[in-house]
Amino acid sequence: MLTASSRIWAVWTRALLLQLLVAGPGHCLSRQELFPFGPGQGDQELEAGDDRVSPALELSGRLRFYDKSDIYAVYVTTNGIIAMSEPPAKESHPGLFPPTFGAIAPFLADLDTTDGLGKVYYREEFSPSVTQLAAVYVQRGFLEVSFQPISVVVVTWESVAPFQGPRRDSAQENKRNTFQAVLASSDSSSYAIFLYPEDGLQFYTTYSKKDEKQVPAMVAFSQGLVGFIWKSDGAYNIFANDRESIENLVKSSNSGQQGVWVFEIGSPATASGVVNADMNHGLDDGAEYEEEDEDYALVTRLGLEDVATTTFPYKTLGRRDTDTYHVPSVLYSRRTATESTPEFPTVKTRSFQLPVERFPQKHPQVIDVDEVQETEVVFSYNTDSRQTCANNRHQCSVHAECRDYTTGFCCSCVAGYTGNGRQCVAEGSPQRVNGKVKGRIFVGHSQAPVVFENTDLHSYVVMNHGRSYTAISTIPDTLGYSLLPLAPVGGIIGWMFAVEQDEFKNGFSITGGEFTRQTEVTFVGHPGKLVVKQQFSGIDEHGHLTIDTELEGHVPQIVFGSSVHIEPYTELYHYSPSVITSSSTREYTVTEPERDGAAPSHIHTYKWRQTITFQQCPHDEARPALPSTQQLSVDSVFVLYNHDEKILRYALSNSIGPVRDGSPDALQNPCYVSTHGCDTNAVCRPGPMMQFSCECSIGFRGDGRTCHDVDECSEQPLVCGSHAICNNHPGTFRCECVEGFRFSDKGACVAIADQRPINYCSSGLHDCDIPQRAQCIYTGGSSYSCSCLPGFSGDGRACQDVDECQPSRCHPDAFCYNTPGSFTCQCKSGYQGDGFHCIPGEVEKTRCQHEREHILGAAGAVDPQQPKLPGLFVPECDEHGYYAPTQCHGSTGHCWCVDRDGREIEGSRTRPGVQPPCLSTVTPPTHHGPSVPTAVIPLPPGTHLLFAQTGKIECLPLEGNTMKETEAKALLHAPDKVIIGLAFDCVDKMVYWTDISGPSIGRASLHGGEPTTIVRQDLGSPEGIAVDHLGRNIFWTDSHLDRIEVAKLDGSQRRVLFETDLMNPRGIITDSVRGNLYWTDWNRDNPKIETAYMDGTNRRVLVKDDLGLPNGLTFDAFSSHLCWVDAGTKRVECMSPGQPSRRKILERLQYPFAVTSYGKNLYYTDWKTNSVIAVDLAISKETDEFHPYKQTRLYGITTALSQCPQGHNYCSVNNGGCTHLCLATPGSRTCRCPDNTLGVDCIEQK
């Protein structure tokens, strides 16, 4: 028999259920509509405080999560998490995501209930009224699912406060959040329902103890660590992690009611990712609500007693695609309650917000064709004062000649080059175009524009085919598909380099890539228009054309996932002095995603009008006039929007010629229709009828079918003159003055008469205190000022340490330790905490300590510190209680490497008496105190050694080959990383590193500034790293995934080179000039040093005999010698890769890890001595040793050269003519596509 309270609750629930079913899309969730909670409902209450974790909530029914179906207990935390296992103590407060444990996070943030006002309630519920309420919410989100839960977990965070940190934020005072998570499970599946009532979220950021700043909350799911031997991050889904998206949780929904979000979290469909509720069932889908009116009417006719047992008929819309790597983008926070909810990001994809900076609205003018003919609009040069070639030679290209005329001068490209004389490029040579795009576009009938700024545009043109490939990134999903018809936005580049038929001229021949284009696009049947404004600014210092594009106006909406097809078309260009116009009407076909077995397609029409204005030299009256009309023929049009990468791609083939009717391509010369087969670096010369010839471009030799680069530096040793260095590049060469000289106006290298202001800070000539205590601030001219660093006092020229422990800033039950420029706090014995907050109790023991004590206790060991247990393995723990990375058996003498959980790493076990070079992936605990700046401290000019020491990179200047030990200093502090490998890019003065704790790959400029992470996904244990400074690529080894990868310097365009026959790859180095790659593999069963070309071909074992534990290696570009250090044989050895003989440089080393070379010396890091050791190669002797101030293990080392070595490879200029990755080989190069490229605009070729 029901009690009075339970009867009231049952009536209330049924009323709420009925209200939910008839609620319209504009209905906000009230607090009264949350699932009932509190002590009166049988809830347990979480202990008040900060970073609290509940005891296990034992479940009667099982919970399914991702691919697991056996979860019978969950843990609830203060910080908005429901955990699938007990969170480790070190992860009790929010930190890096994903965590090591399975987690459901409706509002992951650092929350606080210390004041007792906020509460966290939780329970498991079986009552029919609650389970049916959960079923209705699930069925509203997943219309085709027939779901009836048998158990429900209800967790409520009521009026919880944000953790404030040491500096309280007045804006967050009295702010409280209330939200709820409900986990509903049947025998076959589990769902999560997140409820955010109106006014339930009053703050969106909290203070991070890790980052020591305000960070946004997060809505996410994580599978936690997976694997038996190797542990790695499992799948995870982040649905909101920025302030605007979090704000939007209350106002939007994925299930039809604002503030309600439903997810499928456990079923066969969620093995690789959580499934989001059906997005087609959004808030603004009025038609669907109308179709369901009959269903709602059926519900309203039922009696209340029938609600809990009736199955409601819903229209079946079809399940969302569960391929977690193809679910589109982010939860947009600017979406209003009446807009349809966009789709969510997915596994291993971070959500982000595009910038919303706005630019002023402009009204560009477009000249009609007829208007030009009537007005004869022209531009004129100022001829009041006659200009001549004598004082204007610099106005012409270096590949042009200047001629004087009666009224002025004109430039014209020399034979073999094309352009307008001011800008010239070699005929037939591939070209690159770079630029920026910004826009303010209204999509469909939306009243809010999509605004974007500073978006990159990159284009690659195969000139002798007239084919252009253009990519624009990053374009948001809300706009990307609707821009697909705008191929002519990139088509203007095709017009510039269209194949020229007969005597007709393409855009670059006429304008030299210096012009302004204004276009109006009108979509027939759609209000408004789109205005496109493009400014081409000629060739930059890198040999690339530059373009700025602005889009403003309206475009029709194209459904997400649609494709667009554009048939080949022709367009007439009308020419008058300095003005080119065209107008056309064309069609495009939109094919929408398949629905009910059919893919609807629609044909649309749009009109284009464009005006191109440029400056034409008016002085050469004898120059042949352009034809008044030319026809641009465009075919092989391909358009694509990649919603995962948010990249818009256009590809078109173009030719320019006379006006023709029909499509007479079959009768045209092969040069005009790109069927000639000439080399990429050749020009096709048409002959009579169908005859043609191939002619290598300037700077290349061959028969035209195959062209090879001409090495001008070898053939003309004095081409650059005295005091200059000649660097050959594909198709050209460059001269560089040696140090102390500069180019004169006549192009010769002359001595520098240095009368420039001196920057005393960068030159190191200032009188400020040392960099560890003060900083030098350059104020312009030859002036500077000195300032003491935080933690020091003085005038900047003499700084004294401030004793922060007088008085102590630590907790009364903690010790304060003063350090130079800082201090640390440590709780006293019998207390635990971070030193700023200490509470009674001992620090929780680690897994290693527990295991060690268990084994010793079971064996009855008398002294736990010095166990004498023959035949028994006892694990070693480091000073912080973690498993020591190297474990050895006390009886057998065998040693092996272990991961952070103490599991043995395959292939690492050594013979007795030999210790393997194991790496610890656990970052040492940080002592709380003032944060150390993460920005790079700029280095003075010169050559430096850079070496890694766990959480930092240090710099050791070189004077000649001597280490200037007194000037050693920290370059970069990264206390949350374990930095292993280092590499240096001598072009951009950038240091690159691998971090095995993240894991991640990062970089930073030696000129100063904040470091950046360039690779963070799909990494196991990245260790060695190398830079090809000529090809602009990085290579790295991964000993966990057993593979070697390559990518561009920014981490993009990743490609796996090798993933077979690798066990423990570590060191890696490049020979950039010759295009070779070398690496070590210290596999205990088969240690070896291998080599291959940079494109992955010609792989072979270079050294396999008499190796122990080959660690680091280095290649000296000046002597062409490969050297390596071996921690097993205790030797340094060198060889010439082209010869089989090896030279033993030094023996009886301690424990070498990494090595680099400079001049006559090698420099290696040693684990036993914790030092950097110099070895003179000429006399095979150690000549110097540097011990850093902090005596901890040293890892990677590299040389930061002041100047790059001489030489080039085939990727040095114009990316070797490749669209994507250019990978050098001896005497050539290979163009490769990244692993994730769809192949539309990527060309692979050798």
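Keep in mind that glycine also has a Cβ here, set from the backbone N, Cα and C atoms.
Annotated features, as they stand in TrEMBL:
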type	residues	note
DISULFID	Cys888-Cys895	disulfide bond
DOMAIN	106-268	domain 'NIDO'
DOMAIN	429-666	domain 'Nidogen G2 beta-barrel'
DOMAIN	667-708	domain 'EGF-like'
DOMAIN	709-747	domain 'EGF-like'
DOMAIN	757-800	domain 'EGF-like'
DOMAIN	801-837	domain 'EGF-like'
DOMAIN	845-918	domain 'Thyroglobulin type-1'
REPEAT	989-1031	repeat 'LDL-receptor class B'
REPEAT	1032-1074	repeat 'LDL-receptor class B'
REPEAT	1075-1119	repeat 'LDL-receptor class B'
SIGNAL	1-28	signal peptide
Worksheet item: Who are the chain neighbours of the repeat 'LDL-receptor class B' (1032-1074) in space, where the CB to CB distance is under 8 Å and they lie at least 6 residues beyond its ends?
Response: 230, 232, 905-908, 917, 981, 983, 985, 987-988, 990, 992, 994, 1001, 1003, 1014-1015, 1018-1026, 1080-1086, 1092, 1094, 1096, 1099, 1110-1115, 1117, 1120, 1122, 1124, 1137, 1154, 1205, 1207-1209, 1211, 1215, 1220-1224, 1226, 1232-1237
Worksheet item: CB neighbours of Cys895 (disulfide bond) within 10 A?
Response: 19
Worksheet entry | Same-chain residues at least 6 beyond the ends of the repeat 'LDL-receptor class B' (989-1031) whose Cβ lies under 8 Å from its Cβ atoms | 230, 232, 348, 919, 921-923, 934-939, 946, 948, 953, 971-972, 974, 976-983, 1037-1041, 1047, 1049-1051, 1054, 1065-1070, 1072-1073, 1077, 1079-1080, 1094, 1112, 1196, 1198, 1200, 1204, 1207-1209, 1211-1212, 1216, 1222-1224, 1229
Item to complete: Please work out which recorded stretch in 429-666, 667-708, 709-747, 845-918 has the most C-beta pairs separated by under 8 angstroms from the domain 'NIDO' (106-268)?
Response: 845-918
Worksheet item: Does Cys888 (disulfide bond) have same-chain partners at least 6 apart in sequence with Cβ under 8 Å from its own Cβ, and which are they?
Response: Glu876, His894, Cys895, Trp896, Gln915
Worksheet, complete the sentence: Helix, strand and coil residue totals from DSSP for the domain 'EGF-like' (709-747) stand at 4 helix, 16 strand, 19 coil
Worksheet item: Looking only at the domain 'Nidogen G2 beta-barrel' (429-666), what is the mean pLDDT?
Response: 87
